Amino acid sequence: MTSRIDYSVWDHIEVSDDEDDTHPNIDTPSLFKWRHEARVERMDQFIKAGEDLEKGLAESKRKLTEAQKKTKNLSSSVTDDAKAELSKAQAEEKRLKKEERDWEKKLEDHRREEKKMPWNVDTLCKEGFSKSVMNVKPDVKEETEEQKEQKHKTFVEKYEKEIKHFGMMKRWDDSQKYLSDHPHLVCEETANYLVIMCIDLEVEEKKALMEQVAHQTIVMQFILELAKSLKVDPRGCFRQFFDKIKTADQQYQDAFNDELESFKERVRGRAKIRIERAMKEYEEEERQKRLGPGGLDPAEVYESLPEEMQKCFDEKDIAMLQTVITKLDPTEAKVHMKRCIDSGLWVPNSRADEGDDKEEDATYEELNKEMGEQKIE
């Protein structure tokens, strides 16, 4: 039996999440919101162009009507002047007829182009569905961020295993049957969890699995987009999505695949940022472990030392360090030795531990006497 619903209006759906209702733990207001602003601007420009063409055609028709009236009036006159005016009026009428045809052609081309434009959540037809099985009113109650977070947490704790199972599916029929058996999964919380799952898999370098789950994420997102455009509960329209996608033409498939590729690129970008952040945190933790008693990093202090002092530490040669210190300017030598102590690069003899200031002076002024009793780590 042929469906009474005309799916031709869905030939090219541009998916874009226009509402900032994504779970706060996800670092995207919505999966595809970044495209919405540019798309709306293109639509506005296209609509304005159509309005300008209609105005131009209307003005052309008005001028032609006036020219035809003038020609008709002059036709009844037999004077030489009237005949001359008639000739001019006929020429003007001919020109305006051509101008009208030009406007009509431009407007026709514009309308033809309009039919080819992809549909999206701003343009999808809403009439014709009001009496279908999809007229389930969605929950429009405003929720606080805390409520959203708790709702997401509770949902995942209860249905995590089922969400993961759906994320691993490959066939359209299997996905549709699974959602039919588990309609509670057709919601924003499932989409949000799948996004996080994709990023986790990419971070773990499980790229094939990431791409599979990404496919299911876009499936869920298309369903949610359709529900938003029709202002219905997504549980009431997911079957219509599968009916369409399984019999879709190449352009519709291309639209789906384009969204899928865009999403995977976004996942890779988020995973890269997460890895970089984790590396920075690890490096900072390691740096904190290295800090000496004065809070300085021995690696950074070492890099700041004169090349001759670096060589002393490389070779663990106290006698060489003694020689290098005596050749330096006393103030500069004192600064370098204090930084070495604060970073733990140089550990003073415990006998010199009689106060910070005294230790600093002893480090430099008594270095020659203490060299045999100091150690470099």
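Quick reminder: no glycine exception, Cβ is built from N, Cα and C everywhere.
Within the chain carrying the compositional bias 'Basic and acidic residues' (80-109), a Cβ under 8 angstroms from the stretch's Cβ atoms is held by residues 50, 53-54, 56-57, 60-61, 63-64, 67-68, 70-71, 74, all 6 or more beyond its ends. What TrEMBL records for 80-109 (among others) is compositional bias 'Basic and acidic residues'.
The annotation compositional bias 'Acidic residues' is assigned in TrEMBL to 354-364.
If you look up TrEMBL, you'll see 366-377 (among others) marked as compositional bias 'Basic and acidic residues'.
Taken from TrEMBL, the feature domain 'Cdc37 N-terminal' applies to 4-132.
Per TrEMBL, domain 'Cdc37 Hsp90 binding' is recorded for 125-286. On the 0 to 100 pLDDT scale, the model's mean across the domain 'Cdc37 Hsp90 binding' (125-286) is 83.
The domain 'Cdc37 C-terminal' annotation in TrEMBL covers 290-373.
Per TrEMBL, the feature region 'Disordered' maps to 64-109 (among others).
Annotation source TrEMBL lists region 'Disordered' at 346-377 (among others).
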What is the three-state DSSP composition of the region 'Disordered' (64-109), stated as helix, strand and coil residue counts?
42 helix, 0 strand, 4 coil
